[in-house]
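> One structure is given below, represented as structure tokens, and several questions about it will come after.
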Amino acid sequence: MNETMKSRFGKVAVMMGGNSCEREISLMSGQGVLNALRGQGVDAHAFDPAEKPLAALQSEGFDRVFIALHGAFGEDGTLQGALETMGIPYTGCGVMASAIGMDKWRSKLVWKAAGLPVPDFRLLADDSDFAAIEAELGLPMFVKPACEGSSLGVTKVRKAGELAQAYAEARKFDPLVLAEQFVGGGEYTVALLEGRALPAIKIEPATEFYDYDAKYFRDDTVYRCPAGMDDEHELAMRRLAEQGFAVLGGSGWGRIDFLVDEAGQPYLLEINTAPGMTTHSLVPMAAREAGLTYEALCLKVLEAAHVG
């Protein structure tokens with residue numbers, strides 16, 4: 001342990017694991033962060049809320065929390081609210097931005113109300129007119145749980161009559177289910193650090209779309225950073241990412257995913273307020289392109305820990 005780092009950050013809990021469907025990914029992210037912080041002399045310790053109560057943060061004398069949890073409880077505002085009441089600084093977005101960002105439906109409503117471009121979408125229910133929605137949004141389309149991450153429960157609907165089955169699959173993960181217009185010009189993501197956009201990344205999945213397997217385990221998913229856009233389109237996407245982040249009240253760091261149409265127009269897809277930090281993760285990739293090592297990125301995120 002480095003005394004300078006001790007005085008700077010105190011005792012740090014790297015919050016990882018948890019009970020969400022994304023536990024496995026969270027453990028990978030958290031271990032990477034833990035190793036990076038310890039390697040720079042930070043007094044960092046693993047903390048799994050599935051194994052011990054949050055009250056242990058106070059009883060064990062932790063001074064700040066690096067949130068490496070994904071999904072429910074970790075990035076939906078619940079944990080953030082608990083840490084606020086304890087007065088313990090934490091990384092990433094606050095309560096409101098985390099809660100809205102976890103909900104793909106409500107975040108799209110906010111972006112749309114702010115005049116920012118989003119793919120057309122519908123909220124589905126048991127009594128929805130699925131045939132009418134297929135006609136309105138067109139095929140193919142995506143169906144996804146509104147409050148689940150890592151593409152869990154996502155289905156690409158290709159043929160008329162398949163929407164009801166896709167809805168039933170998504171309902172296994174969340175009661176709120178979204179149908180979303182397909183935009184076919186490419187998938188991109190933009191990481192944000194301290195409110196500023198990092199270089200965009202183009203995602204070329206080996207699977208038909210960027211699913212759970214492609215995100216975390218396949219080695220044939222192609223990531224291009226620089227993304228290969230001209231300066232005008234790159235800057236426009238970065239600017240839109242910063243706007244989308246600010247409108248939701250984002251702080252610290254995050255990542256916004258985009259779809260681009262055939263004319264090059266970017267559409268805000270969803271926000272990730274507790275991005276992955278695994279070997280396949282995208283924020284570290286964008287940070288490297290901007291001249292930041294993984295270790296430096298972890299320190300920058302930790303430095304921005306806050307209450308309120």
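Just so you know, glycine gets a Cβ as well, placed from its N, Cα and C.
Model, not experiment: these values are computed from the prediction.
Copied straight from Swiss-Prot:
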type	residues	note
BINDING	134-189	ATP binding site
BINDING	Asp257, Glu270	Mg(2+) 1 binding site
BINDING	Glu270, Asn272	Mg(2+) 2 binding site
DOMAIN	108-303	domain 'ATP-grasp'
> Write down the Cα-Cα distance for Asp257 (Mg(2+) 1 binding site) and Glu134 (ATP binding site), rounded and given in Å.
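Counting only the Cα atoms, the answer is 24 Å.
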> To see if you understand the setup: which same-chain residues, six or more apart in sequence, place their Cβ under 8 Å from that of Thr155 (ATP binding site)?
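Long-range Cβ contacts: Phe142, Val143, Lys144, Glu162, Gln165, Ala166, Glu169, Ala170.
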> Which of the three DSSP states, helix, strand or coil, fits Glu134 (ATP binding site)?
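The residue in question, Glu134 (ATP binding site), is helix (DSSP, three-state).
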> Write out the long-range same-chain contacts of Leu176 (ATP binding site), meaning residues 6 or more apart in sequence whose Cβ is under 8 Å from its Cβ.
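Listed in sequence order, they are Asp103, Trp105, Leu123, Pro145, Ala146, Cys147.
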> I need the CA-to-CA distance for Glu270 (Mg(2+) 1 binding site) versus Glu148 (ATP binding site), whole Å please.
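Rounded to a whole number, the Cα-Cα distance is 11 Å.
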> Determine the minimum-neighbour residue: among Met141, Val183, listed as binding-site residues, which Cβ has the fewest other Cβ atoms within 10 angstroms?
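Ranked by other Cβ atoms within 10 Å, the binding-site residues Met141, Val183 bottom out at Val183.
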> Of Met141, Glu148, Val183, which is closest to Asp257 (Mg(2+) 1 binding site) if I measure between C-alpha atoms? They're all binding-site residues.
Val183
> Could you state the CA-to-CA distance between Glu148 (ATP binding site) and Asn272 (Mg(2+) 2 binding site) to the nearest Å?
11
> Could you measure between Asn272 (Mg(2+) 2 binding site) and Val183 (ATP binding site) for me? Cα positions, answer in whole angstrom.
20
> Where does Glu169 (ATP binding site) sit in the DSSP three-state scheme?
helix
